[in-house]
Amino acid sequence: VMNLWPGVRLRVMEGWDEDGHHSEESLHYEGRAVDITTSDRDRNKYAMLARLAVEAGF
């Protein structure tokens with residue numbers, strides 16, 4: 001993220017969920033999912049952010 005968008009930070013919104021905010025099959029209940037965004041909340045970056053996550057092994 002910092003190499004692609006200088007000054008923009010990765011934000012982890014949620015990882016583990018035990019309060020039932022996600023669907024029954026959600027991996028959040030196993031700690032195997034994460035909701036992320038960028039500090040500028042620019043939705044145009046989300047597709048590339050997803051690609052970066054896959055390249056990083058997520």
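The chain as shown is numbered from 1 upward.
Note that Cβ sites are derived from N, Cα and C of the backbone, with glycine treated the same way.
Taken from Swiss-Prot as is:
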| type | residues | note |
| --- | --- | --- |
| BINDING | E14 | Ca(2+) 1 binding site |
| BINDING | E14, D17, D19 | Ca(2+) 2 binding site |
| BINDING | H28, D35 | Zn(2+) binding site |
Fill in the blank from the handout: Cα of H28 (Zn(2+) binding site) to Cα of the residue listed as 'Ca(2+) 1 binding site', in Å and rounded, measures 8
Problem - The one of E14, D17, D19, D35 whose CB sees the fewest other CB atoms within 10 Å, among these binding-site residues - result: D19
Fill in the blank from the handout: Not counting E14, D17, D19, residues with a CB within 8 A of the CB centroid of the Ca(2+) 2 site are W16, E18, G20, H21, H22, H28
Exercise for the section: Could you round the CA separation between D17 (Ca(2+) 2 binding site) and D35 (Zn(2+) binding site) to a whole angstrom and send it over? Expected result: 11
Handout entry: Rounded distance in angstrom between the Cα atoms of D19 (Ca(2+) 2 binding site) and D35 (Zn(2+) binding site)
Key = 15
Handout entry: Distance, D35 (Zn(2+) binding site) to the residue listed as 'Ca(2+) 1 binding site' (CA atoms, angstrom)
Key = 5
Practice task
Provide the three-state secondary structure of D19 (Ca(2+) 2 binding site) computed with DSSP.
Solution key: coil
